[in-house]
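See below for the structure under consideration.
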């Protein structure tokens, strides 16, 4: 059981002092984990037990106490009326898409879910630093450490979400691990439950072959043969699941052209920016909840 840690993440600083942002190299953690294992992550009984007001404060203060559901800053369960999240970024990584959504939709609430403890802390501290640097801004985004495959009903209600993002999810290549994939046919019924009619689900995948070749190039390593499973197979897997599901349909091309999120969501994450630098091929699509 974690100690009662009510220490603020950032302290009140002199007016002229530069605000420090978290260092990414201090928060790195292996990219892959088993979402079906028992990770003993605390979770609320239901959405009303989450202190949403501390996640989305109406006024940006100098002293912050942010609850990330990590070991350092655990959740204090409270039962109150709460704001409703509009956009969900599943596996939010280092928070790039959340920052983008905050500026693009200032009147919408976005929540990032991340299963890795250190990465969650990084995103939370990054949000707080941005709030300190830009008073009155970035109050509409937050992050929580949780297992999205298990605990979505503990944070969300029926027909609540307008958008769900799955950017560069873990491919789980082995056939025995396909059930760990975050987008699969059974889970789509759960996602449909949380989406409003007309809500949208975004998927984005990058071609790993280009990544391997880029690493070889910059490391000056001579390799006679490279064998890598193309992540395009995962993209086809997700598309097939969405195509076959009765509650989802592909968004029309004319509507995609008007959807700024679809045009840019794959470029705003840290992974997406790296892929753009490497000129990797990105496969993406968006589906509409019927």
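In case you wondered, yes, glycine gets a Cβ from its N, Cα and C as well.
No curator has checked TrEMBL annotations; they are predicted automatically.
The Cβ of residue 271 (S-adenosyl-L-methionine binding site) has 22 other Cβ atoms within 10 Å, all protein chains considered. In the three-state DSSP reading, residue 271 (S-adenosyl-L-methionine binding site) counts as helix. Annotation comment: TrEMBL describes 91, 114, 115, 147, 148, 167, 269, 270, 271 as S-adenosyl-L-methionine binding site.
The active site annotation in TrEMBL covers 170. Under DSSP, residue 170 (active site) is assigned to coil, being neither helix nor strand in the three-state scheme.
Among the features that TrEMBL reports, transmembrane segment is placed at 211-228.
The region 'Disordered' feature in TrEMBL is assigned to 269-290.
The distance from the Cα of residue 148 (S-adenosyl-L-methionine binding site) to the Cα of residue 170 (active site) comes to 13 Å.
Between residue 170 (active site) and residue 91 (S-adenosyl-L-methionine binding site), the C-alpha separation comes to 9 Å. Under the DSSP three-state reduction, residue 148 (S-adenosyl-L-methionine binding site) is assigned to helix.
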